Amino acid sequence: MTPTYYLLLSALLFTIGAVGVLVRRNAIVVFMCVELMLNAVNLSLVTFARINGELDGQIMAFFVMVVAAAEVVVGLAIIMSIFKTRRSASVDDANLLKY
Amino acid sequence: MFQATLGSQDVAQSAVNIPEIDWQAISPVVVVFVAACLSVLVEAFLPRERRWSVQVTLSLLTVVVAGLALGLYVNSDAVVGTGGITVAGQAVPLFSADYPALFLWGTLLALSFGALLLIADRSVDGGAFASPVPPAPGGDPVQYQAPGRQTEVFPLALFALGGMMVFLAANDLLTMFVALEVLSLPLYLMCGLARRRRLISQESAVKYFLLGAFSSAFFLYGLALLYGYAGSVRLVDIAAATAGTDRPETLLYAGFGLLVVGLLFKASIGPFHAWTPDVYQGAPTPVTAFMAACTKVAAFGAILRVLTLAFEASSWEWRGVLWAVAIVSMLIGAVLGLTQTDMKRMIAYSSIAHAGFLLVGAIAMTEDGLSGTMFYLLAYGFTTLAAFGIITLVRDGNGEATHLSQWAGLAKRSPLVAVTFAFLLLALAGIPMTSGFMGKLAVFSAAIADGMAPLVVVALLASAIAAFFYLRVIVLMYFSEPAQDGPTVSVPGAFTTAAITLGVVVTLLLGVLPAFALDWASVGGFVS
Amino acid sequence: METFLAVQEPLAASGVAEYGWLLIALPLFGAAVLLLGGRRTNAWGHLLGCATVIAAFVYGLALFLSMTGMPADERVRELHLFDWIPVNALNVEFGLRIDPLSMVFVLLITGVGALIHIYSVGYMSHDQAGRTGADNTERRRFFAYLNLFVGAMLILVLGNSFVTLYLGWEGVGLASYLLIAFWQHRPAAATAAKKAFLMNRVGDVGLALAIFLMFAELGTTQYTEVFARAGEMPTGVLLAIALLLLLGACGKSGQFPLQAWLPDAMEGPTPVSALIHAATMVTAGVYLIARSNPIYNLTEDGRLVVTIIGALTLLIGAIIGCAYDDIKKVLAYSTVSQIGYMILAVGLGPAGYALGIFHLLTHGFFKAGLFLGAGSVMHGMNDEVNMRRFGGLAKHMPITFVTFGLGYLALIGFPFLSGYFSKDEIVAAAFAQEGWRGWVFGGAAALGAALTAFYMTRLMLMTFFGEKRWKGQKSADGREYHPHESPASMTVPMIVLAFGSVFGGVLLYSGDRLLGWLEPSLGAVAHAEGGALPHSVIPFLVVGLSAVGVLLAWLLVGRRPVPATAPAQVSFPVRAARADLYGNALNETLFARPGTWLTRALVYVDNRGVDGLVNGIAALLGGSSGRLRRAQTGFVRSYALSILGGAVLLTAALLMVRFT
């Protein structure tokens, strides 16, 4: 099994995540799609590390996970606070700022 | 740094590579991060009523001390321009305090000092920030204001500042990515902290957060592809790899494209600008000032560094594409700014146009282009900072009066505010004797010298269009009859006065005597 | 051109000269303090104003003395201050050129400037008491503008590049505008200021174009480089630059055809007329041409035009001066005429540059003195300017009479007073030109001397002699005339200037002091022999002609009673002279009317074509803006789409650029 398949899988996951961001309305789900994109990147990093025969890429994946965790904390805090005010988690309801 | 210790050749060896750290060179960054951590502790342990004064003192002091540390290093006997955090055996630091980084650090510190002054001012209407508490049922959610005030904004601002300083000095894409998140996450939160108009403030925070996370995923994917291409994420290694021919170039260009999307998003350029007007309008105005001035500096610092250090050799391939991006950005900013009716939104579109002008200088890839772009950043940062400072002053019963119609006839009621704002608008439009003119002159002449005359023509066209909406505001302030129940202009507190004065003085100074700043900006280039 | 000494390479400034920036900084500091300090500085503002200029003069004197100790070839110094605009090809550095020519001007500006500052203390306090009460705000403002003027004028003469000169040029223009309009409550003053501003703009455009042309040809505007490489420019360009510089000089110095603003500028306070519109600013044109001597040396046609303009102006000024009854206007036309002499002199080339500067200096003394005297007369006569109301004032104002009289004698070239030397030299140099030029220019200059003697004698007779026509009359504000001598702060500067008018010529002329001093800047004076008339005849000719002028004036004015109102039934020449020789009409025809036609034509084109186009573009932009705004839907998901779309496009474009 060549590493290229992992790269293609990673690209597929990234695309699914990106499309998810576009089509889902619930802020939590949108956010999870972003997390999917980050993890797709992690798969790429690990694969490239394997191709290059070194550990750098795998270490980077850990960095990405830490950053993603921090992002979750901040993201959920923001989404929670707007949910408390609006009683809705739909990103389409937050639509006061436009044009 | 960990990644460095596990560098490819060293895995088998048991010895760990300790990076050499030039503490003096990175002292400004260290000061900011240490103070940010202290600030968190203050928030956690000090009683509520004493926090505000301590936090204000701490954060302003931090910026001053970091500035002093920077000044000491620049004037010291050390070999200035080569320090940073260097891995043994590597010629280029991972995290480099070279001349552009030092110049932009100084710019960032000065700008964030002004922005912190705006954030700290609570003489006007008790300050702009509140703790997030939901509105009482039945109240108007749009105009709802939360009780009390909070001080969490100070540690957040310090962390954001530290992240910006690392972001523009990182010579390695992973460090850059971490710094990008360190600067972005606090900004997302700061956007949602407005005391008045909670709903649009929170909306702006959600929008900024989701889009920011989305675009940083692009940045990260670009990083991964470049890692796959070059086998390293160090900028110099990528540059070395582009010099060879035996690697899959699809990875290089796809990686470059995605990486640049993340950077362009932060700099609010071109088709990646959509968040800018909404977030600028919704965020508390002092935070908008901080974002508009400082984030722009950090993002362009990183763009300049990445383009120059990693991708200079392949510039013929990507330059045309970035031409198009610059044109799109300038035209979107100028044309959409024409029909805006909200002052903050209008300045946001102006910042999109300015980002386009800056990109013109950044892709010139010459010494003049580098120094011109950095000078432009300095000039634009102070002008926009002071402009947002003025916006905090014009208020009616519901807080800031940002609708253009409310500014009609302002000159009759408060001539000083009107003349100051008019001056700042002229600077944004690039009229001679203001820093805006000198910045445009520097950037555009560098671009022409590098054979980008058609781009400069478009840029001048866009400036002309944009000048129209600046002048429209001036005309509105001076030649319209004031509205009956129009807004009043608050008497600014000492902090706001200081911030606005700082911005106006620098704008004038750089317009009349630009030489010293241009000299600083052109002392030296990136270390590679 | 062999006679002309090559432009010297300047040395770096050292010693006293290192602080040359003080010269400019001191008056500008004074202006800044007075303008920004507000009412707090009312009480002592005028003293600060005087102090800064006196300090600048003392420093200038020290600098001058240190330079006299140097060998001639070390007297040209440059003091680099800072890079002003270092943007790529356009690199303007701000530096000072301290050389004999600029030092002469420094001493004139700060010396006469200091005297006039002192004089103004007395003059403006009176003004204040009479007009707006005890508040000294007006006087402070006056001194602030005067200091601003001195600072700007010093930038003009000390700058080491044409751009710096232009900065000072606009600065003095601004100060002049502010000071002419100082009494804004008088409509005439406001109009005069506007006129001065507009006519100066015509000249400034010329100067600016000349600088652009230089930059386009040589890529620099620094004096040293421009002068060293002037020969590289094609003759056509050289001629164009020379003529454009001349246009600038005409605007600033009130030369034909832009002379009409200068007499109107006398609406400003009299010290302003003395300092700015007689002694210093209006001579900036002469400085400009003398400074640019390496350019004019290369273009004989350019010099010929300069000479023609000079000769024409000196006659026009003198003729109109004969017809006016307003004492300040007569002096103003006299200034126009005398600057005509200077322009004529510098137009003569290497033979004349230094002579023009010589006359400029002596004129600076006696004309400033004459204006101060006129101010003193007005001061004692309820601000009356009509000479038909004067008469017999000699007894009432003895000091004014004596100092004014000495200035008058110097101006008409009475033997061995200062005007005698400088004017004779110019007449001689003009006669020394070859062929028809000698006769034409020499004749014009000599005729001008006779006319000068005529109108100045008329002025003296009408003011200080004859019957006291003011007795029993009332001035416009309803007060009776009580002529009295002015206070010491006014008479002392007049006395000092009178000394200058008497002895200045001898001091500067004997042993070629001035001419030798100026050699490093302007080259050696080529004493041309031969020409139309031998050199030895000239003094007799000029003095003789002047005597004829004096005699005529006595016959026409002194012997008969002067009517209190100007007679209406007069011959055509007088009518023409009273109408400024139709100078305003000429300006109207030359500038205003074509301007109006052009504007009308443009408005027509504008309405029909450009406006349509602009409106169309505006509508297009506005429409597209309104439509594009709709793309900003406020939905975060559509923003994400734009980012994704942008990313896909950008990456696709990159890959396409690479692989196709």
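The backbone N, Cα and C atoms fix where each Cβ goes, and this holds for glycine too.
Here is what TrEMBL says about this protein:
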TRANSMEM  B:25-46  transmembrane segment
TRANSMEM  B:53-74  transmembrane segment
TRANSMEM  B:102-120  transmembrane segment
TRANSMEM  B:153-170  transmembrane segment
DOMAIN    B:170-465  domain 'NADH:quinone oxidoreductase/Mrp antiporter transmembrane'
TRANSMEM  B:176-194  transmembrane segment
TRANSMEM  B:206-230  transmembrane segment
TRANSMEM  B:250-275  transmembrane segment
TRANSMEM  B:287-308  transmembrane segment
TRANSMEM  B:320-339  transmembrane segment
TRANSMEM  B:346-365  transmembrane segment
TRANSMEM  B:377-394  transmembrane segment
TRANSMEM  B:415-435  transmembrane segment
Among B:102-120, B:206-230, B:346-365, stretch most in contact with the transmembrane segment (B:287-308) (C-beta, under 8 angstroms): B:102-120
Folded-back contacts onto the transmembrane segment (B:377-394), same chain, C-beta under 8 angstroms, at least six residues removed: 104, 107, 110-111, 114-115, 118, 121, 124, 128, 285-286, 288-289, 292-294, 296-297, 300-301, 343-344, 347, 351, 354, 358, 400-402, 406-407, 410, 417, 420-421, 424-425, 427-428, 434-436, 438-439, 487, 489-490, 492, 496, 499-500, 502-504, 506-507, 510, 517, 521
Annotated stretches the transmembrane segment (B:153-170) and the transmembrane segment (B:25-46) touching (3 or more Cβ pairs under 8 Å): yes
Tertiary contacts of the transmembrane segment (B:25-46), as residues 6+ beyond its ends and Cβ separation under 8 Å: 54-55, 58-59, 61-63, 65-67, 69-70, 72-73, 78, 83-85, 95, 97, 105, 109, 151-152, 154-155, 158-159, 161-162, 165-166, 169
Same-chain residue ranges lying at least 6 outside the transmembrane segment (B:346-365) that approach it to Cβ under 8 Å: 267-270, 273, 276-277, 279-281, 292, 296, 300, 303-304, 307-308, 312, 315, 319, 322-323, 325-334, 336-337, 340, 372-373, 376-377, 380, 384, 387-388, 391, 404, 428, 440, 442-444, 446-447, 449-450, 452, 455-456, 459, 462-463, 466, 469-470, 473
